[in-house]
């Protein structure tokens, strides 16, 4: 039996991880969980899975959960605040930590989990984006596996099984194209928040859905793939694949291409990561090739969707630039979600931040966090909110 901890248990990935655990309760035990403020869902998790440790960020939510556990006379330990995430990440008897919180807030808990010798089921792509070199070095030092949870990197990981990384000619990273595929920049000027949140294929959290609409999500995944698979950026190619059936491919030096195909259901890569290296019975219905539409692939429009180009540029520059990219994106997307800026302002804000700050190398976690805070402060001062 594997003991599981989940950072971000009430969000989209966390909820689907719980479904995987629920589906194979003899293989998994949930020991520790965290969430921000959804105390109702957390109480449901406590009732069903009986975790030993629960952390809530929001003080009101913490009090609600604590009162419930006291009322039911449960032995569950309930703690409050982001600092307590580290306790979930390094919980003594856990074997694997699912990092499904959004944003670079996941960096420190991920490093703590690695230092505690826990394998990482990584759904928090920002951790590798902002600190890929640091995280991969620490994982190697402590003998920890970093297992990709998102569909594209999970697909690449499966395509690499039984092969050697040195034989990779190219990673073909697929993208649905998002809700605005084919639109011009002028058309993007008029899109609404609801338009951007209407993803054609995937049901996800709000922030990642906007990232998918700008193609920044794919840009972040390019940087993540660079660190996960030790592949140069020149060998990572994005293909727009609107059917979202091929989740990614690997082309080898002999010209052969291995692809992973499946339904648009995140439980599939989650199940593979949690059970690795064992492949379990299916939890989702497989692709029906008789009813599958034709598969199409096209080049991404990086002139209209500049976020993807900015991500490539930041990744190839290295150093602190990916962290600047990420912080500016988090700030801009938050403003868009609050209806304070236009959709096209997102990439303009990111480009401004990348041009403003100089590169820095030899990064520590503190350097990354401090610079990210500087980016937010700079943008707030310039934009006014």
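Placed from the backbone N, Cα and C atoms, the Cβ positions cover glycine too.
For the 1-deoxy-D-xylulose 5-phosphate site, Swiss-Prot gives 125, 151, 152, 199, 212, 217, 218, 221; the one candidate out of 176, 184 that the record lists there too is 176.
Of the listed candidates (182, 205, 219), Swiss-Prot assigns 205 to the same NADPH site as 10, 11, 12, 13, 38, 124, 126. DSSP gives residue 124 (NADPH binding site) a coil state; it is part of no helix or strand. Each of the binding-site residues 11, 205 was scored by how many other Cβ atoms lie within 10 Å of its Cβ, and the smallest score goes to 205. Ranking the binding-site residues 125, 199 by other CB atoms within 10 A of the CB puts 199 at the bottom.
Cβ neighbour count for residue 13 (NADPH binding site) (all protein chains, 10 Å cutoff from its Cβ): 28.
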